[in-house]
Amino acid sequence: MDVMTLAAIPSPPQGVWYLGPLPIRAYAMCIIAGIIVAIWLTRKRYAARGGNPEVVLDAAIVAVPAGIIGGRIYHVITDNQKYFCETCDPVDALKITNGGLGIWGAVILGGLAVWAYFRYKKIPLAPFADAVAPGVILAQAIGRLGNWFNQELYGAETDVPWALEIYYRVDENGRFAPVTGVSTGEVIATVHPTFLYEMLWNLLIFGLLIWADRRFRLGHGRVFALYVAGYTLGRFWIEQMRTDEATMVFGMRINTLVSAVVFILAVIVFLRLGKGREAPAEVDPAYHAAQAERDDTETAGLDATTGTVPGDSPETTGKKRK
């Protein structure tokens, strides 16, 4: 065994466990963990901007199902040859455990669901988009760990020290099952861990968003535009390293082309959006007004309890009380 082999990154022996007849999929657990972290972080960021943190959970309730549906639709459209061929079963297109989700479909349909909810509640969307952006990219980073468990979305074979070992996995009947099976211990390839490259890139963009938002007090949707630009820039070069089957457009993998187009649009939007950040009262006017009214009521109640007459304190009258 050489040094390169010793330094290689091992894949997990399996990505699916069973609790009786119920499959526990590591990929799904990673996605759920990412969603929980994103909600937690967004609540803190949205409240700091002046918004109602309870709105974040409401938005997640509509965004997550829509995002899953949108992600699946995008995946099926861009990889339609896997589901609509002579030997394919079109029903497999409905099975999200077969092939996974596409991030752009999740962002688009999930974003539309949140937009509709905020429009219904008459709450400005831009401050929320800026609050949620770091949480989204962090959730994507966590979700990429699911690809590690599934032994998928990797690049060409390599002998670099950080190469990923791909194991031969089999099901209970001994048949080859790279995603749902259990490792035999046999290494069948060492490859570029492109999922890891994207995870690290996403963490880098997460740090950039947090820093830029604090340093420049970004608002009006600019944090979200920066997230889109940063993510697509990384996806553009990482996508070209992948070797899994993909739909080709103009000689490029379709996600490479989509990333290039979306990156350009995101940069244009970022440059055209207004500078500065919304005042807390602009983030959610109704919530801010309700908070101000509640504070006034509590102040009046405190004055009544202490016997202080509002507007008639020593500080306001300039007289000492004896």
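Numbers here mean position along the shown chain, with the first residue as 1.
Any Cβ shown, glycine's included, is placed from N, Cα and C.
Summarising the annotation, Swiss-Prot assigns region 'Disordered' to 283-322.
Here the transmembrane segment (21-41) has long-range neighbours at 12, 15, 56-57, 60, 64, 97, 100, 132, 134-136, 138-147, 149-150, 180, meaning same-chain residues at least 6 beyond its ends whose C-beta is under 8 angstroms from one of its own. Annotation source Swiss-Prot lists transmembrane segment at 21-41 (among others).
The transmembrane segment annotation in Swiss-Prot covers 50-70 (among others). Counting same-chain residues at least six beyond the ends of the transmembrane segment (50-70), those with a Cβ under 8 angstroms from any Cβ of the stretch are 35, 38-39, 42-44, 96, 101, 105-114, 116-118, 121, 123, 127-128, 131-132, 278-284, 287-288.
What Swiss-Prot records for 98-118 (among others) is transmembrane segment.
For the transmembrane segment (123-143), same-chain residues at least 6 beyond its ends with a Cβ under 8 Å from one of its own Cβ atoms are 30-31, 33-35, 37-42, 45-46, 49-51, 55-56, 59, 103, 107, 114-115, 199-200, 202-203, 205-206, 209-210, 213, 218-224, 226-227, 230-231, 278, 282-284, 286-287. The transmembrane segment feature in Swiss-Prot is assigned to 123-143 (among others); the stated evidence is sequence analysis.
Using a Cβ-Cβ cut-off under 8 Å and counting only residues 6 or more beyond its ends in the same chain, the transmembrane segment (191-211) has close neighbours at 9, 133-134, 137-138, 140-141, 144-145, 147-148, 152-158, 160, 162-164, 166, 223, 226-227, 230-231, 234-235, 238, 241-243. Under the heading transmembrane segment, Swiss-Prot lists 191-211 (among others), citing sequence analysis as support.
Remote same-chain partners of the transmembrane segment (254-274), defined as residues 6 or more beyond its termini with a Cβ less than 8 Å from a stretch Cβ, comprise 78, 102, 104, 219-222, 225-226, 228-229, 232-233, 235-236, 239-240, 246-248. Taken from Swiss-Prot, the feature transmembrane segment applies to 254-274 (among others).
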